[in-house]
Amino acid sequence: MAVNKFFGAISALSLLLLLSSFGCEAHLSPTFYDYTCPNALTKIRSTIRSAISHERRMAASLIRLHFHDCFVQGCDGSVLLDETPTIQSEKTSNANNHSARGFNVIEDAKTAVEKICPGVVSCADILAVAARDSSVAVGGPSWTVKLGRRDSTTASRSLADSDLPAPFDHLDRLITLFSNKGFTPREMVALSGAHTVGQAQCFTFQQRIYSNGADINAGFASARRRRCPRTGRNSNLAPLDLVTPNQFDNNYYKNLVRKKGLLISDQTLFNGSSTDTIVKEYSKNPRTFSSDFSAAMVKMGDLSPLTGQDGIIRRVCSSIN
């Protein structure tokens, strides 16, 4: 009798864990897919590594894509939805139009996961895992990704336009945008460090490199003008970090101290303001930056997720089932 009670308790525990993984517990957890799709993270990581080995810039694009998802309606995969008669796609917002990329990589990861676990893993979770795996792939920090998000059936171009920072934003505006999502100025500066990898289009920094301002190194400005004339060639690319453009490190902050931030929204973090001391700290202590960045990414992944019975699991990330 005692043996039967013991095995009965084990079975009940297993059932509870299984039900939890199906979303009956409306909380994010690193072990969410351990029972329903134990190989999901391996499949996602393989897809992300392959894409980044083909194009290192993709790491920055995928980290940015997760950020642009979470800041609009929460981390719900809304940024991935295409335009339809009933959906105004966030892809066409000012912050994403002709600049957000990596959608095909997320779809590839989704396809790989669907083959082994149909209808189980959300696109929102794939985005969150892809951001972490992208960081690791280019030498950046890792963090534990909490899982269990579900996908939205809506998107909001208007919220993307109002809630996402722009490359021309100054410090007060950035602090407000991040504060609206619950982030401190320090966390905002840490998250901005994602610009240690990736590239920007000419139109996003033309104003800065032709300003002759006191906040930009003259030699740096001159070098950037060679590929970015005052007018035209708006889509020409320049690395956000000239020193190690494909390596996740703290050179971004060293560049700011030297007045070599590419975007207005970069250099404003170090321009005689309240965040100068944070930038200096990160420029001297890469471990502190990595730790703070990881913690801020985990916090960002917690922004208003759909869980439990809210939302859906999309079969294809760009459209509603």
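Just so you know, the numbers here start at 1 and follow the chain as drawn.
Keep in mind that glycine also has a Cβ here, set from the backbone N, Cα and C atoms.
Candidates considered were Cys75, Cys117, Cys123, Cys202. The record in TrEMBL pairs Cys37 in a disulfide bond with Cys117. When the binding-site residues Val72, Asp76, Thr244 are compared by Cα distance to Cys202 (disulfide bond), the shortest distance belongs to Thr244. Between Cys37 (disulfide bond) and Asp249 (Ca(2+) 2 binding site), the C-alpha separation comes to 33 Å. Same-chain residues that are not part of Asp69, Val72, Gly74, Asp76, Ser78, Glu90 yet have a Cβ within 8 Å of the Cβ center of the Ca(2+) 1 site turn out to be His68, Cys70, Phe71, Gln73, Cys75, Gly77, Val79, Ser152, Ala155, Ser156, Ala160. Cβ packing within 10 Å was compared across the recorded positions Val72, Cys202, and the lowest neighbour count falls to Cys202. Averaged across the domain 'Plant heme peroxidase family profile' (27-321), pLDDT in this predicted model comes to 97.
Separating the Cα atoms of Cys75 (disulfide bond) and Asp69 (Ca(2+) 1 binding site) is a whole-number distance of 6 Å.
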